[in-house]
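Chemist: Have a look at this one.
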Amino acid sequence: MRLILIGPPGVGKGTQATLLKERTGALPISSGDLFRAEMCAGTELGNLAKSYVERGQLVPDEVTIGMMRRRLAKPDVRERGFILDGFPRTLGQAEGLDHLLSELGLELGQAVLFEVPEDVVVARLGGRLTCPSCGEVFHRVNRPPKVDGVCDRCGSALAVRKDDQPETIRERMRVFREATAPLADYYERLGLLRRVNGSGAPEAVYQEIVRP
Ligand code: AMP
């Protein structure tokens with residue numbers, strides 16, 4: 001399985017990437033998680049990305065494509081297949097990905113576009129709680145932790161990601177409409193696009209993704 005997941009922030013791409021991994025063994029690769037790991041480790045790339053991530057803006061294409069090139073070249077990608085979550089996010093990145101895959105001799109299977117009304121995703125992101133230690137994601141309403149404010153998995157204190165604050169959420173939605181939504185046409189022309197209704201329950205969305 002070689003998939004990319006396209007959709008606004010908070011639409012459930014991460015949830016589907018996890019389900020797909022559990023059930024097919026394909027490797028989920030999230031560009032946002034890769035940037036956050038670099039930021040936590042305080043690397044040069046992390047320091048560069050930080051100012052963009054915290055404002056809800058896109059990290060420049062060259063930097064993002066460079067980071068993805070290093071990740072996609074690892075042998076586990078070829079062995080297991082991949083589910084790209086959050087990359088590509090611009091037409092330049094989509095073209096960059098085409099190049100990378102042809103260099104690696106791999107073909108993209110499908111681009112999945114999650115469609116959902118904007119107010120639904122804003123509500124979802126507004127309640128999102130993330131564990132800074134292990135990365136587990138909770139939601140005040142849809143998936144509360146067992147103990148208020150504490151990660152079920154590792155016991156750390158949960159936090160609201162800086163880019164999940166209301167102002168930044170609006171900026172991320174604007175960036176999605178302007179830079180990322182045009183990817184639908186790009187993949188439609190290549191005959192690779194599958195549209196799914198992202199408002200449904202995770203299982204229903206999953207079935208739409210894997211339907212033959
Ligand atoms: P995410 O967790 O996918 O919502 O990503 C969080 C932030 O990381 C985004 O708001 C961007 O600042 C940055 N980011 C993640 N993926 C990309 C990408 N493909 N291109 C540029 N910036 C990205």
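A Cβ is built for glycine as well, from the same backbone N, Cα and C atoms used for every other residue.
Annotations per TrEMBL:
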BINDING   Gly10, Val11, Gly12, Lys13, Gly14, Thr15, Arg128, Val137, Phe138, Gly200  ATP binding site
REGION    30-59  region 'NMP'
BINDING   Ser31, Arg36, Gln57, Leu58, Val59, Gly86, Phe87, Pro88, Arg89, Gln93, Arg161, Arg172  AMP binding site
REGION    127-164  region 'LID'
DOMAIN    128-163  domain 'Adenylate kinase active site lid'
BINDING   Cys131, Cys134, Cys151, Cys154  Zn(2+) binding site
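Are these features on the surface or tucked inside, and what touches them?
Modeler: Neighbour count (other Cβ atoms within 10 Å of the Cβ, all protein chains): 22 for Gly12 (ATP binding site). According to its DSSP assignment, Gly12 (ATP binding site) is coil.
Note on the region 'NMP' (30-59): residues 14, 17, 67-68, 71, 84-87, 89-90, 135, 162-163, 168-169, 171-172, 175, 179 of its chain, located 6 or more positions outside it, place their CB under 8 angstroms from a CB of the stretch.
When secondary structure is read from DSSP and collapsed to three states, Gln57 (AMP binding site) falls in the coil class. Residues near Gln57 (AMP binding site) in space but far in sequence (CB under 8 A, at least 6 apart, same chain), listed by position: Glu171, Val175.
Secondary structure of the region 'LID' (127-164) per DSSP (helix as H, G, I; strand as E, B; remaining residues coil): 3 helix, 10 strand, 25 coil.
On the 0 to 100 pLDDT scale, the domain 'Adenylate kinase active site lid' (128-163) averages 91 in the predicted structure.
Of all Cβ atoms in the protein chains displayed, 12 besides its own lie within 10 Å of the Cβ of Cys134 (Zn(2+) binding site).
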Chemist: If you count, for each of the binding-site residues Val59, Cys131, Cys151, Cys154, the other Cβ atoms lying within 10 Å of its Cβ, which residue has the minimum?
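Modeler: Fewest other Cβ atoms within 10 Å, among the binding-site residues Val59, Cys131, Cys151, Cys154, is found for Cys154.
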Chemist: Going by Cα-Cα distance, pick out whichever of the binding-site residues Gly14, Ser31, Phe87, Phe138 is nearest to Cys154 (Zn(2+) binding site).
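Modeler: When the Cα distances are compared, Phe138 comes out closest.
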Chemist: Tell me the Cα distance separating Ser31 (AMP binding site) from Arg128 (ATP binding site), rounded to the nearest angstrom.
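Modeler: Rounded to a whole number, the Cα-Cα distance is 18 Å.
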